[in-house]
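J.: Sharing a structure here in structure tokens format.
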């Protein structure tokens, strides 16, 4: 193995010309932009209730939510396909949003619950004494404090949504709805594979993730450990 004698960008040009990469980029971006904020919002609200409010059946509900982390995606592909077909939700622009949210929520809830438990209750008590309502305290006082774990959840959700393959393959069949991981399969045929084009496509697909990792990798560990010590 050696370096190429005449470096060229031809493989990247060919990668752009194969399939509908513009539509694939749009689909991946749309799924990510819609999914990640909804994951953060739902996980924060549920995590806050689990960490701050006592109610009957709390432990059972927590176990049910967290058990989602132990369920492999592939075990639910067929049941989910049948259910979505019955509901008429297959092959639409927003088909993948609900599964992505559902399968990222367990980890996100666990992280928010652990982080909020590390926040002193005196902060909320002081807000209530100043006349703040429950909603105001939750969203205007506690929510901003959760920025470190929010960053971690956002990064993990972006990585999972951007690289997801199984749901995108099974639930959407229209070429204009294909995401970037599905677009990469266009380089492989029944008998041949365009390895140079596929590697170029992999680089193009991975580039946003690589850039995000270079700038925000420290946020993951910061958020994961920020709630380890109770205030």
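Each Cβ is built from the backbone N, Cα and C atoms, and glycine gets one as well.
Quick paste of what TrEMBL says about this protein:
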- 20-50: transmembrane segment (TRANSMEM)
- 25-216: domain 'ABC transmembrane type-1' (DOMAIN)
- 62-82: transmembrane segment (TRANSMEM)
- 94-116: transmembrane segment (TRANSMEM)
- 137-159: transmembrane segment (TRANSMEM)
- 199-216: transmembrane segment (TRANSMEM)
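Burial and contacts for the listed features, if you can.
T.: Remote same-chain partners of the transmembrane segment (62-82), defined as residues 6 or more beyond its termini with a Cβ less than 8 Å from a stretch Cβ, comprise 46, 50, 90, 99, 102-103, 105-107, 109-110, 113, 166-167, 170-171.
Counting only same-chain residues 6+ beyond the ends of the transmembrane segment (94-116), those with a CB under 8 A from a CB of the stretch are 31, 34-35, 38-40, 42-44, 46-48, 50-52, 62, 65-69, 73, 80, 84, 142, 146, 148-149, 152-153, 156-157, 160-161, 164, 167-168, 171-172, 177, 179, 223-224, 226-227.
Residues of the same chain lying 6 or more positions beyond the ends of the transmembrane segment (199-216) and with a Cβ under 8 Å from any Cβ of it are 11-12, 14-16, 18, 21, 151, 155, 158-159, 162-163, 180-181, 183-184, 187.
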J.: Other than its close neighbours in sequence, what residues sit by the transmembrane segment (20-50), given a CB gap under 8 Å and a spacing of at least six beyond its ends?
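T.: Sequence-distant neighbours of the transmembrane segment (20-50): 58, 61-62, 65, 93-94, 96-97, 100-101, 104-105, 108-113, 115-116, 138, 142-143, 146, 150, 153-154, 157-158, 161-162, 175-180, 182-183, 204.
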